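> Please find one structure pasted underneath; my questions will follow.
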Amino acid sequence: MERNDAERKIEKLRNQLEEYGYHYYVLDKPLVSDAEYDGLMNELIELEEAFPELKSDTSPSVRVGGPPLPHFEKVEHRTPMLSLGNAFSDQDLRDFDRRVRQVVGDEVTYSCELKIDGLAISLIYESGRFVRGATRGDGTTGEDITQNLRTIPSIPLRLKEAVSLEVRGEAFMPKRSFEALNEAKEAAGEERFANPRNAAAGSLRQLDPKLAAKRHLDAFIYAIGSVEGKELHSHHEGLNYLKTIGFKINPESAYCESIDEVIDYVNSWLERRADLPYEIDGIVIKVDNVNFQEQLGYTAKSPRWAIAYKFPAEEVITTLLDITLNVGRTGVVTPTAELKPVTVAGTTVKRASLHNEDLIREKDIRLGDSVVVKKAGDIIPEVVNVLTELRTGEERPFSMPTHCPECGSELVRLEGEVALRCINPQCPAQIREGLIHFVSRQAMNIDGLGEKVITQLFEHGLIHNVADLYKLNKDELLQLERMGEKSVNNLLASIETSKKSSLERLLFGLGIRFVGSKAAKTLAMHFPTMTELRRASYDELIAVNEIGEKMAASIVSYFEKPEVNELIDELASLGVNMTYNGPKPIGEEEIADSPFAGKTVVLTGKLQALTRGEAKEKIEALGGKVTGSVSKNTDLLVAGEDAGSKLTKAKELNIEIWDEEALVKAISH
């Protein structure tokens, strides 16, 4: 076949397969048999192999998966992928409605959607072509899993409109696919997946896209993150638009004109959810009007215009076999119930937290008891109560120890606390847990250093404190179980990258008592070098908004310890950054004088000097509000390179337009 003939045939096959795939996977209305579809796909693959220069990353043939990837790259989300606040009762929903109406008035309506139990994803399209897909990650930074997402048939590779946009959705594994996968794993002598959510997440984190393609995943799209050249006034209007350009939208979504209708919708799914072909763990309720959403805004963690109703936790009965003790990084000794394995909310549960000695005494929990277990919020296993009527007389009371189970030091109960605590700073359990915390995502974010690797390193005597992580070498790491050369090289690169982390990550990672990630950011903004923070007095600390007396006293006490100062000096000598890299705190007077104060700003095009996330953070610190689309309410558009339809629309609406140079100048003053 001549090249020109092949090109025409390939394009025809692609169009046919796209149309058949859309009807089968999105509309659930197949036009041809599976055998006919497979025959056309094989014909396309053969032609693309014969003419490799005609291959395309939007061809339906990529659904079968490409070559294995060396690792997943990290990518920054254009706008953060926030979590949602939770509701557990009708009253919680009414309270949410009351808070909304206090801000926007009584003319509020809602969009309701099933909360799919899967993996949150972000998809980016440029001129209608799928160019990047990522996991949620920590909400700001995720992993690029584009190649694996291309294998999901319901995710369009080309849209029906040449639009540039970002959408949010949920990738999931249908129940039928999950059952088939577990049957295959069992037949192969492998461990079964606990639930479809874990199976979906594991499938999308396969480095070999061909394996992901065999897992038969699906995806629903539920929101637009940003879109160029399209003004949408409501959430349900946005969903309808997404459907028309080729996305799979959950047909069970509903528009509700009052909170009573929302509650009826929620309650209707309490029984019906078991009949769905996929798992759901609740209902998402969103204020429908986009302008109302903007008025309500966001907290640090979630939008104020949306909430997730979580279904009541499933409760089951099992036997409490034993109570074991765990020592955390702060020395708190937590009793854990060891249970006869039981399935709760689709997950095999073997352990549940008992929190502290007072709870054990209060519930009269004994070894051998029959207990009721549930998963609070369908996440954390919890012992609800004891079925004392089932006791046989062989059950044994449990007493908390007087000494640490890890190091033997005497346990203490600090004033005002119910927990028993080991106060030995050399306790191996505390050191190990502290190391795990230091490398975690919100702290130094060292990929490849999970709990198992840290435990191995610690038990082999290769690390004793966090500074030792930066002294690890290739030969030492190759001695560990399941660590090949590629894994070791990636890990060493990740350790090296973490040295550049901003000061707030290091502060959070050090595990100073009472200092969470938000407080660490506040401290770093006000004391932008480790030297300044180490010298800060108690009075200087409590003068900072959000730093209370207890936290200030803890920080002063922490930096008074010689071993702490030795550790920090050692980290600095190993090249770990000791300065704050983010925007400086802005005073009220400076905000009032800012060119962004009270203005709605839109960013478009590629920025060179800083990322969109950095620009957004700095504009908002100076009193501005950054949104994703241009409208009559937009005050200012910042246009980077290759600015598209947003720039055109801004000109039509006579909106003020800046280039990147003007932006950098404004945020630098």
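Placement of Cβ uses the backbone N, Cα and C atoms for every residue, glycine included.
Swiss-Prot lists D34, A35, E36, Y37, D38, S83, L84, E113, R136, E170, K286, K310 with the feature NAD(+) binding site, giving sequence analysis as the kind of evidence. Look at Swiss-Prot and you will find K115 tagged as active site, N6-AMP-lysine intermediate, backed by sequence analysis. According to Swiss-Prot, the Zn(2+) binding site annotation covers C404, C407, C422, C427. Here Swiss-Prot flags 591-669 as domain 'BRCT', drawing on sequence analysis.
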> At a 10 Å cut-off from the C-beta of L84 (NAD(+) binding site), count the other C-beta atoms across all protein chains.
18
> Around the Zn(2+) site (C404, C407, C422, C427), what further same-chain residues have their C-beta within 8 angstroms of the site's C-beta centre?
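Apart from C404, C407, C422, C427, the close residues are V327, G331, P405, E406, G408, S409, L411, N424, P428, A429, Q430.
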> List nothing but the one residue from C404, C407, C427 whose Cβ has the fewest other Cβ atoms within 10 Å; the candidates are the binding-site residues.
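Counting other Cβ atoms within 10 Å of each of the binding-site residues C404, C407, C427, the minimum falls on C407.
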> I need the nearest neighbour of L84 (NAD(+) binding site) among the recorded positions K115, C404, C407, C422, C427, using C-alpha distances.
K115
> Among all the protein chains here, how many other CB atoms are within 10 A of the CB of E36 (NAD(+) binding site)?
13
> Which value does the mean pLDDT take for the domain 'BRCT' (591-669) in this predicted structure?
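Taking every residue in the domain 'BRCT' (591-669) and averaging pLDDT yields 84.
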> Compare the C-alpha of C407 (Zn(2+) binding site) with the C-alpha of each of the recorded positions E36, D38, K115, R136, K286, and give the closest one.
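If we rank E36, D38, K115, R136, K286 by Cα distance to C407 (Zn(2+) binding site), first place goes to R136.
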> When you rank E36, D38, R136, K286, C427 by Cα distance to K115 (active site, N6-AMP-lysine intermediate), which of the binding-site residues ends up on top as the closest?
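Its closest listed neighbour, by Cα, is K286.
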> Going by DSSP, how much of the domain 'BRCT' (591-669) is helix, how much is strand and how much is coil, in residues?
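Output for the domain 'BRCT' (591-669) reads 30 helix, 18 strand, 31 coil.
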> To the nearest whole angstrom, what is the C-alpha distance linking E36 (NAD(+) binding site) and C427 (Zn(2+) binding site)?
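Approximately 66 Å lies between the Cα of E36 (NAD(+) binding site) and that of C427 (Zn(2+) binding site).
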> Sort the binding-site residues D34, D38, R136, K286 by C-alpha distance from C404 (Zn(2+) binding site) and give me just the closest.
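Nearest listed residue in space: R136.
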> Hey, does DSSP put D38 (NAD(+) binding site) in a helix, a strand, or just coil?
helix
